[in-house]
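Residues or ranges marked as region 'Disordered' by TrEMBL: 1-22. Per TrEMBL, compositional bias 'Pro residues' is recorded for 9-18. Feature annotation from TrEMBL assigns domain 'HPt' to 58-156. Here TrEMBL flags 97 as phosphohistidine.
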């Protein structure tokens, strides 16, 4: 995954001037109860400062929205996996489409781009095309973002 499209600001949970990458930091620091440590890929793009700016620096609102997305997205990922197992293209399209707007607000640009690619493939399926690999990649990217978002939420609430 290419992280050059992500904002260059370090998340507030990462020590300044750290040579450690964001994904490595998220992997080492994410709470074990998330069940995502082994699936963290390089390149989560979530940035607290960027998200806070998107909600006009309303920290209480930002924390509430962050907690909400962390509560509902794992269920949506399970629904994606179930729809994939059942080959329910309509459900796959609906779930991914419904996630795009909120993920854009959170700055998850690579997740949004991959979601658009999945939507395009689902809209015009090819006879020999298999979208399952893209959907699994989408879920893995989302898990990496959620690990970082959870870490940011916990750290920010401790301030």
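Positions of Cβ are set from backbone N, Cα and C atoms, glycine also.
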What DSSP reports for the domain 'HPt' (58-156) is 84 helix, 0 strand, 15 coil
On average, residues of the domain 'HPt' (58-156) score a pLDDT of 92
